[in-house]
Every structure is written in structure tokens, then in C-alpha cells.
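So that you can see what the record holds, here are the features copied from TrEMBL:
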| type | residues | note |
| --- | --- | --- |
| BINDING | G108, V109, V110, G111, D112, T132, T133, K144, K153 | NAD(+) binding site |
| BINDING | E186, H249, H266 | Zn(2+) binding site |
| DOMAIN | 71-181 | domain '3-dehydroquinate synthase N-terminal' |
| DOMAIN | 183-325 | domain '3-dehydroquinate synthase C-terminal' |
Amino acid sequence: MRTLEVDLGDRSYPIYIGGDLLEQAGAYFERHELTKKSPVLIVTDTNVAPLHLRKVEVSLQSSGYRTVHHIVEAGEPSKSLAVFEEVMTTAIESGLDRKSSVVALGGGVVGDLAGFVAASYMRGVNFIQMPTTILAHDSSVGGKVAVNHRLAKNMIGAFYQPEMVLYDVSSLQTLPNREVRAGLSEMVKHGLIWDQQFTDWCGDNAGKLLSLDPETLEYGLIQGCGVKAKVVAADEREQGLRAILNLGHTLGHAIEATGGYGEYLHGEAISIGMAAAALIAVHRGKEAALYERTVELLQGFGLPTAMPVHLDEDQLISAMMHDKKFTENKIVFVLPVQIGKVEIVSDVTLDEVRRVIAELKGERQNV
Ligand SMILES: NC(=O)c1ccc[n+]([C@@H]2O[C@H](COP(=O)([O-])OP(=O)(O)OC[C@H]3O[C@@H](n4cnc5c(N)ncnc54)[C@H](O)[C@@H]3O)[C@@H](O)[C@H]2O)c1
Ligand SMILES: O=C(O)C(=O)C[C@@H](O)[C@H](O)[C@H](O)COP(=O)(O)O
Ligand SMILES: [Zn+2]
């Protein structure tokens, strides 16, 4: 088991990464001196519940914790205000009080939703992340919690840090293949924004990562969480540096929203977005090899890099302009400078965006 620290002063917290940690949930609650007098609400989804909920409940109950659970429908549409209200109703009806904990047991959808519940219930109760997807090595760290609006992703939310992240890598063995690929998209992103060596390592180990080789996967997740923890510690509320974590998200979020939240998984959408960002950088003078290497890496994980032809260009642009990355009348893009290094720019024009959309729709996928 490895412990990483997210260094945020009095809001610092550990990320515990290792095998079979869900079975030890009760011991970790005790280590963090969480009260046994108030009920614990576990929020999970319809896929995760039959696989992993019982382990957590048995462990917490054996340690003397009283647990209740709320199971949401699996998938992105559950990150909605309607489902948020349903979870709130469970919290109130189950008698959660100010010392209660809300546990997110699942992927980024459950993490973002349960985190927003924890941030809002009685103006804030303890929040524990128990991620069960690869993608959630990103979403469980850093405290961005939110639900979506029909018009734009993550529009209603807060910054609310968890008490701890209990990352049981054994739980990842039950992930469907498409979710494995989508999760690795954010791992590659952590390499592309911060660390050329780690990016190359990801490329070289794609096969082992895709087949969920436990040691390789754990190493990749530790590196990915490490990058995320460093960036968040330096700029918790995205006043500057943290925006680099948005590589691929300017167009990626627009693809998710235009696709109606469900057609493209988050990791798939940001893969296309990362290809688009690299192509914009090349149009602005970078070597074509930067785009080619980015696409090669992503395709090595079976991820999409072409813009889906049926997505309407105007709708994509409109979704992009409703996103948080549209500020002071400018679109903020994260562009690669080289593999392992990015810059944040706010002078990309709509013409440049339209050009890459057209090119990535297959009219000209190469530079
Ligand atoms: N807060 C952040 O910083 C942050 C960062 C990245 C992504 N996100 C958000 O995270 C979400 C995507 O997260 P995700 O990809 O984890 O999606 P998800 O939570 O929908 O999980 C993906 C799928 O895998 C299933 N699943 C989860 N764990 C499983 C397991 N162990 N075995 C079998 N199936 C399992 C889920 O039921 C779901 O169908 C998006 O909403 C995205 O916006 C947030
Ligand atoms: O933690 C961050 O900061 C990120 O940008 C991580 C992203 O991978 C994640 O998808 C995040 O939810 C996007 O944030 P948003 O502020 O653009 O909604
Ligand atoms: Zn993301």
C-alpha cells in the first residue's frame, strides 16, 4: 500500500493506493477518527453496488459504523440536479447529521455527485472517496465536485476536498474494457501535461495497462495521482496552473454535452479534445510530430482521435461557449508545447477551432 499526500494545509489529505482496501474501510475510518455515533451514507451506482458495496458495508459495520446506502443509475445522466435531490432526500430521511460522512463508492460520476451532496448537506459534512474506476484516479483527487446542466458539463458544483481517498486497485479488475480505455485517457493526459518520461512509459506499457496487469496499473495510478496532487496543491481553486488539467477538455466537454451525455465517455471525449489541442498547436507552428505522437499514444490505447462526423459544428461551438473555459469573452485552451509540457492560452479564435473540427472530422486527419 502506498500513501500520497495532497498538501493543502489544514485541508491536506492522504490518498491510500493498494489492493483489497475496500475490505479495510472500517479500519481507515477509525484511523481518521470518524465518529461512530452518526450514520454513514454510501452513494454508489447500479453496476458497482452488486460488485463492491457489500465489502464496504461489512467492513464499516464490523467496526461499529451504522451505514445506509443510495444506489443511482450507472452513467453520466446521474450527474444531474434531479438525482442530487434524490440523494439529499435519502440523507435527510436517514437522519444524517453534521458529523456524518458521505462515501462515494464508484467512478467519477458517483464521486462528483456524492461530493456535491457532501459539500451541500447541512452546508458540508465529511466526504470520503472510494474510487473504483481508472478514470477516478483523476476525479477522486482535487475536490472538484459537481453535477451537469443540460447545456454544459459540471456547471453546478463546488471545490470540496475529501477527508481521504481510499483507492482499492483490486476493484478495477471488474471494469469493462471500454471503461479501462476511457480511464487511461486521463492517465495519458497526466503524462502529456507534466512528464515526458511518464508519457513514454504509458506508451510502452499500453498492453499491460489495458490488460489490467496489477503492478503496472498500480504504478501508473500512483504516477497519475502524483501529478494531480502536485498541481492541486499548487493551485487548489484554479487561479492559474490548475487549468493545465483541462488539456483536451475545451472541446472534450463540448463533445460530451453535444452528444447528450452518454454517447461519448468522458475519457473518449477528452481523447478527441487532446488530439484537437495538439493539432491547433501544430497550426500555430509546432512540429507536426507533436500531433502525430499524441495521436499515436491515444490510439495505442484504442481511444478515438477523430471528431465524430455527426456532431454539429455550431452546436459544438455553442457548448464550448457555455463552458467554464469561456471567460471574459475568450476561449481558454490548453495547448501542448512539447510532450510533457503545455501552455494555457486564451487567444485561440473560432476560425482555428472550426478548422480543427473540420480536419478531425476526417476531411484531413493528418497535418
Ligand atoms: N472531479 C474531477 O476532478 C473529475 C476529473 C475527471 C473526470 N471527472 C468526471 O468523472 C466522470 C467520469 O468518471 P468515470 O469514467 O469513472 O465514470 P463512471 O463513474 O460513470 O464509471 C464508469 C462506468 O464504470 C462502472 N464501474 C465503476 N466502477 C466499476 C468497477 N469497479 N467494475 C465494473 N464497473 C464499474 C460504472 O457503473 C459506470 O458504468 C465524468 O462525469 C467526468 O466529468 C471529474
Ligand atoms: O481537476 C481538475 O482541475 C480537472 O480539470 C480535471 C479534469 O479531468 C476533470 O474532467 C474536471 O472535472 C474538469 O473540470 P471543469 O472545471 O472543466 O469542469
Ligand atoms: Zn477530465
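Note: Cβ is positioned from N, Cα and C throughout, glycine not excepted.
Where the annotation comes from TrEMBL, it is an automatic prediction and has not been curated.
Listed in chain order, the extra residues whose Cβ falls within 8 Å of the Cβ center of the Zn(2+) site residues E186, H249, H266 are L135, D138, S185, K189, G248, G252, G267, A269, I270, G273.
With a cut-off of 6 Å between Cβ and the nearest atom of ligand 1, the binding-site residues G108, D112, T133, H249, H266 reduce to G108, D112, T133, H266. Neighbours of V110 (NAD(+) binding site), defined as other CB atoms within 10 A of its CB across all chains, total 32. The full span of the recorded NAD(+) binding residues, G108, V109, V110, G111, D112, T132, T133, K144, K153, taken as their largest Cα to Cα distance, is 22 Å. Sequence-distant neighbours of T133 (NAD(+) binding site) (same chain, 6+ apart, CB under 8 A from its CB) are G106, G107, G108, L172, L175, E179, G183. Remark: secondary structure over the domain '3-dehydroquinate synthase N-terminal' (71-181) totals 47 helix, 33 strand, 31 coil, with classes taken from DSSP.
Cα of H249 (Zn(2+) binding site) to Cα of K153 (NAD(+) binding site): a span of 10 Å.
In this structure, none of the binding-site residues from G108, V110, D112, T133 has a C-beta falling under 6 Å of any atom of ligand 2. Broken down by DSSP into helix, strand and coil, the domain '3-dehydroquinate synthase C-terminal' (183-325) contains 104 helix, 0 strand, 39 coil. Note: E186 (Zn(2+) binding site) has non-local neighbours I134, L135, H137, D138, G224, G267, I270, i.e. same-chain residues 6+ apart with C-beta under 8 A of its own C-beta. Spatially close to H266 (Zn(2+) binding site) yet at least six residues away along the chain are E76, G108, L135, A182, G252, E256, judged by Cβ distances under 8 angstroms.
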